[in-house]
Amino acid sequence: MRIGHGYDVHRLVAGRKLIVGGVDIPHELGLLGHSDADVLLHAISDAILGALALGDIGKHFPDTDPRYKGADSRALLRHVMELATRKGFHLGNLDATIVAQRPKMAPHIPLMREHIAADLMADPDRVNVKATTTEELGFAGRGEGIAAYAVVLMEEK
């Protein structure tokens, strides 16, 4: 078994959709990035890649490559999971935390878990997503961005 940790952060800006955990969340601001900027799925992808010593999301999907402009992060996560499967691993469990002052993430977490479990070919009871604020401290607390942390346990088949 192997453990991986992932972290990602994206700036909130006008004129972009807010997509977190594969869910389109109504909000006046969205996350800025080369792809759809799904901060949670990027952190999860990095955690899986790290557990398997396969580098990071930037190595596999560089922001200099036009193929990934506006890319669906769910498709990227599925590709990462295919790499894990080819190496003989499946998800043991995932624990992830979204750090956002607003909008509130709690109403969207059940659908996020459903999407993530499907993309990782795992039972939903192996996928945990939670959200917290920073009590209005720092960039997240000021509403300038959203961060996410993820820890995965990958098990050999």
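Cβ coordinates come from backbone N, Cα and C, glycine included.
Copied from Swiss-Prot, the annotated features are:
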BINDING   8-10, 34-35, 56-58, 61-65, 100-106, 132-135, F139, R142  4-CDP-2-C-methyl-D-erythritol 2-phosphate binding site
BINDING   D8, H10, H42  divalent metal cation binding site
SITE      H34  site 'Transition state stabilizer'
SITE      T133  site 'Transition state stabilizer'
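Comparing Cα positions, P103 (4-CDP-2-C-methyl-D-erythritol 2-phosphate binding site) lies closest to T133 out of the recorded positions H10, H34, H42, T133. Cβ-based neighbour count (10 Å, all protein chains) for H10 (divalent metal cation binding site) stands at 22.
Ranking the binding-site residues F61, F139 by C-beta neighbours within 10 Å puts F61 at the top. Each of the binding-site residues D8, D65 was assessed for Cβ neighbours inside 10 Å, and the highest tally belongs to D8.
In terms of local Cβ density within 10 Å, S35 ranks first among the recorded positions S35, T132, T133. When the recorded positions H34, H42 are scored by other C-beta atoms within 10 Å, H42 scores highest. Of the recorded residues, F139 (4-CDP-2-C-methyl-D-erythritol 2-phosphate binding site) and H10 (divalent metal cation binding site) place their C-alpha atoms 10 Å from one another.
A 10 Å radius around the C-alpha of H34 (site 'Transition state stabilizer') takes in none of the binding-site residues listed as D8, H42, T132. Straight-line distance linking the Cα atoms of S35 (4-CDP-2-C-methyl-D-erythritol 2-phosphate binding site) and T133 (site 'Transition state stabilizer'), rounded to a whole number, equals 25 Å.
P103 (4-CDP-2-C-methyl-D-erythritol 2-phosphate binding site) is surrounded by 18 other CB atoms, counting those within 10 A of its CB over all protein chains shown. Note: the Cα of D65 (4-CDP-2-C-methyl-D-erythritol 2-phosphate binding site) and the Cα of T133 (site 'Transition state stabilizer') are spaced 33 Å from each other. Ranking the recorded positions H10, H42, T133 by Cα distance from F61 (4-CDP-2-C-methyl-D-erythritol 2-phosphate binding site) puts H42 first. Neighbouring residues of the recorded divalent metal cation site, listed in sequence order and excluding D8, H10, H42, comprise V9, L31, G33, A37, D38, V39, L40, L41, A43, A147, A148 (Cβ within 8 Å of the Cβ centroid). Between the CA atoms of T133 (site 'Transition state stabilizer') and H10 (divalent metal cation binding site) there is a gap of 15 Å, rounded to the nearest whole number.
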